[in-house]
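What Swiss-Prot says about this one:
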BINDING   Ile435, Gly436, Ser437, Gly438, Ser439, Phe440, Gly441, Thr442, Val443, Lys455  ATP binding site
COILED    50-86  coiled coil
COMPBIAS  380-393  compositional bias 'Polar residues'
COMPBIAS  401-410  compositional bias 'Basic and acidic residues'
DOMAIN    141-212  domain 'RBD'
DOMAIN    429-690  domain 'Protein kinase'
MOD_RES   Ser346  phosphoserine
REGION    301-352  region 'Disordered'
REGION    371-410  region 'Disordered'
ZN_FING   222-268  zinc finger
Amino acid sequence: MSSESSTEGDSDLYDPLAEELHNVQLVKHVTRENIDALNAKFANLQEPPAMYLIEYQELTSKLHELEAKEQELMERLNSQDQQEDSSLVERFKEQPHYQNQTQILQQQRQLARVHHGNDLTDSLGSQPGSQCGTLTRQPKILLRAHLPNQQRTSVEVISGVRLCDALMKALKLRQLTPDMCEVSTTHSGRHIIPWHTDIGTLHVEEIFVRLLDKFPIRTHIKHQIIRKTFFSLVFCEGCRRLLFTGFYCSQCNFRFHQRCANRVPMLCQPFPMDSYYQLLLAENPDNGVGFPGRGTAVRFNMSSRSRSRRCSSSGSSSSSKPPSSSSGNHRQGRPPRISQDDRSNSAPNVCINNIRSVTSEVQRSLIMQARPPLPHPCTDHSNSTQASPTSTLKHNRPRARSADESNKNLLLRDAKSSEENWNILAEEILIGPRIGSGSFGTVYRAHWHGPVAVKTLNVKTPSPAQLQAFKNEVAMLKKTRHCNILLFMGCVSKPSLAIVTQWCEGSSLYKHVHVSETKFKLNTLIDIGRQVAQGMDYLHAKNIIHRDLKSNNIFLHEDLSVKIGDFGLATAKTRWSGEKQANQPTGSILWMAPEVIRMQELNPYSFQSDVYAFGIVMYELLAECLPYGHISNKDQILFMVGRGLLRPDMSQVRSDAPQALKRLAEDCIKYTPKDRPLFRPLLNMLENMLRTLPKIHRSASEPNLTQSQLQNDEFLYLPSPKTPVNFNNFQFFGSAGNI
């Protein structure tokens, strides 16, 4: 009898179904942790590797199988539990207190479900055979957090965990820290919650995280990547190696190699340097930050320049000894804010620049003032243009004037070296096939540290006046940097004039509209016009007139980003007669403004003439055809447009175009230049139109409205990068030549 009871007790202690269920739960927990680890490492990548997708599919399918197995075992355990309950009731039915035993059993099971959750319950009573278990899952309590920039996340409410620790992972992914933000229970930010608050004590379902005013961070969802050749010493921010030809974001200035594209952060978020400097100045307003006060002299103690320092100190002491002593006492009483090394790195040394940049002109000007012969060149900067051997100086103004003169000489020297850096030798450029020709030159695809576009100008033998005008305009073009402007990379002056620009992977707007007949949506059409107006507004802010804006000079990338090319260069776009400019119109006929056709003024090109050409481009987009298609005689078009007798037919504009967009195009092509708006109000109107169009609003954290499942075969036929290793793959390798 005792042996039978012992075997029954062992069978009650060891349940094979419960043991199997426990093992399945452990394997499912490990599988879920593997999936979370894979997602944390590869889910943020725009193009995850194929091995990650395969492993993710295998783990998810395995997880589904384990969940099905767990459900099956739980059903079997429940059925076995019911059978044991029925047998238990029959066994104790003869006893008078069996009803009380049944009630106690049910109460103990309910307590076991609450306290143990998914685990097996312990023994429920002292009676043998009363041990049985139920498996239930306790629901998780989540707290929704609204993050800055219209993003949100959810965290599990666990007692004992601080609020900053619960949100730390979400903040780090967005390059934020708790010091930059504050938490409140309302959207207005009235009820502030401390970061060290226990998350289990919060009695709200959602919280709001917003940035503090002293740390404004402009965040963009999408980077504006631009290919660039860096002529200065630049390092990749992904691998920290030297970067020569690569990419950078025009918004956050993140620079990287092509092979380091997977290290680019998901959010375009520039570092708030201006706010950081403002915060430093606000904390200590008396800090001079290296700027000397009025009547004080600046001392730079550098061991390598001790000789120049001795020369400058001797000259200044002989000319003005009392002010130097007072300033010295002032410096002894108040220590400097910034060390000498930091000052020498942040700004140029005035004494060193004066020594290095003393030219013959300054020496001649000093000799003309009947000064005694100088024993050493380093004493030039200490003497003033209005001082004499017998005069005394009351302040250090003459020294500042000599510093200004030396800075001018330094700027002239830097401008000369910078001009030489932008000049490209014709032997360095590998000319490829001819792409096209226009009214001012011919465009070739070429290779110069990467694919570039070379436009040889029609000015074959430039005169000195033409060459000087060309250099002046190149000096203006090399300062243009904008996301809607083709990047100017350099120029060639010998044997013929040519400019080197960024190569645009795409086709022109003219080809899209009139050759391929691409049907743009209305919001896409307005966005193209907005980008063109934005680029032209930037050029006009730089005092650059395009002179030949047309759909052939507007290029579209695959993502419909706009690049404006062939801007500026009035030297090449002007007819020359010997050493003088000829008074003849240049450009394309259909996009010429009436005042340009008439040529009644010496220089009829203005900002309004570019606005007229922009109006014709907008008419092409709206009507999907060229203006004046019913007239084949060019002279007739020139005469009628110049007299104001011919205007584009606005009845051919697409029917779904809003009236405001039609009025905008009509205002741009008005006959009188003063009646045409400039690009700044045009840009504002186009942005308002694009903002008021009905569209599907989507969250900033999920920019893609529909997420397509990536397949494994999408990663099998990726094109190889255009690097110098694959040099034989260039199309122009067989027909190489020089300018």
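Glycine residues also receive a Cβ, built from the backbone N, Cα and C atoms like all the rest.
Shown here: features listed in Swiss-Prot, placed on the structure.
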residue: Ile435; record: ATP binding site; Cβ neighbours (10 Å): 14
residue: Ser437; record: ATP binding site; Cβ neighbours (10 Å): 13
residue: Gly441; record: ATP binding site; Cβ neighbours (10 Å): 21
residue: Val443; record: ATP binding site; Cβ neighbours (10 Å): 18
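Val443 (ATP binding site) falls within a strand segment according to DSSP.
Counting residues per DSSP class in helix, strand and coil order gives 3 helix, 22 strand, 22 coil for the zinc finger (222-268). Counted with DSSP, the domain 'RBD' (141-212) comes out as 17 helix, 26 strand, 29 coil.
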